[in-house]
Amino acid sequence: MLDLYPVHNFTVEQLEYEKNTRVLQPVWDWIKNGNEHILSSPLFPPFYALSIDYTWVAVFTFIDLFLYDVPFFKNAKIQKDRVVTWDLMKKSLKLQGWNQLLWIYPMALVQLIWVPDTELPILAPTVFEMVSQLAIFFLAFDFTYFWFHYFNHKIKWLYRWCHSVHHMYSSPFAASAQHLHPFELFFVATFITTVPWIFPTHCLTYWLWFFVAQSVSYEVHIGYDFPFALHRIFWFYSGAPAHDMHHLRPLTCFQPWFNYLDRLMGYHITYEDLKKMTEAKFKKFGLYSVEDEKGLIKIN
């Protein structure tokens, strides 16, 4: 990764001034100092990304299996008639394990062999630089994945071959977020990894992007609508209810994080909208025909 702030471009006084005026400098120094050999390793990004996955899955697996009757979680559950069991999770975790063995760990090995160590900049990114870049990455992925997702549903052979794997679950939970066909996993992982290459990106911004992208992807799959959820504050953010609807009615709510494209194209729908439909419309709205889904595996 490029050193965005080469030391030779600064005088000693300028370097000290920059270090003293950058809000994120103390955070960057705390993260970096003493950990350079770990953070600079080409193995750090893939295993850091995996640690985010494992943390989300571990936390919500515990909630789903042991705290599902606690009133706070019971009230927040979106599809209250669906219970997440260990048998359901095992099927998803098994596929994730195979995907990691086939794709993630071999790619990590390739990085170890071919990718040089990361040069850790002395200076932290500015707040404006970090926030503006994260916003661009977020918008770019959300827009691009909408179309990838849309065509995966509209092109029937592509849906049957690839994306139907993710739709084995009609009631999602955190562990099902990575229940993906290897092709889809490859596309998503590659895009999340490479979108920061749009322009030179500080490694701290790069790592935070990984955290944001993966966390939002898990948040929309958790199956809970918490009172503090972002979609309750920002109308243009989809959140768990919209993606839950997508798993229940797969021809609706295609956009992964925002919803402006779904709204523009008429695919955004809520559970309240379903309740207002006539019985005839309710039975078919947003669903594939029986013929289209013939032979596809459904787990829940």
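For all residues, glycine too, the Cβ spot is worked out from N, Cα and C.
For 135-266, the entry in Swiss-Prot reads domain 'Fatty acid hydroxylase', with the evidence type sequence analysis. Residues or ranges marked as N-linked glycosylation site by Swiss-Prot on the basis of sequence analysis: ASN9. What Swiss-Prot records for 148-152 is motif 'Histidine box-1', and it gives similarity to another entry as the kind of evidence. Annotation source Swiss-Prot lists motif 'Histidine box-2' at 163-167, citing similarity to another entry. Sequence annotations record features per position, and here Swiss-Prot assigns motif 'Histidine box-3' to 242-248. Feature annotation from Swiss-Prot assigns transmembrane segment to 43-63, 95-115, 130-152, 180-200.
Residues 41-43, 45-47, 50, 165, 175, 178-180, 182, 185-186, 189 of the same chain sit 6 or more residues outside the transmembrane segment (95-115) yet have a Cβ under 8 Å from a Cβ within it. Distant neighbours of the transmembrane segment (130-152): 24, 158-159, 162-163, 184, 187-188, 191-192, 195-196, 198-199, 201-202, 204-205, 208-209, 212-213, 254-258, 261-262; these residues of the same chain sit at least 6 beyond its ends, with a Cβ under 8 Å from one of its Cβ atoms. Each residue in the motif 'Histidine box-1' (148-152) gets a DSSP state, and the totals come to 5 helix, 0 strand, 0 coil. The list of residues near the motif 'Histidine box-2' (163-167) in space but at least 6 beyond its ends in sequence, with Cβ under 8 angstroms from a Cβ of it, reads 95, 149, 152-153, 176, 179-181, 184, 247, 250, 293, 296-297.
Here the motif 'Histidine box-3' (242-248) has, by DSSP, the following mix of helix, strand and coil residues: 7 helix, 0 strand, 0 coil.
The average pLDDT computed for the motif 'Histidine box-2' (163-167) is 96.
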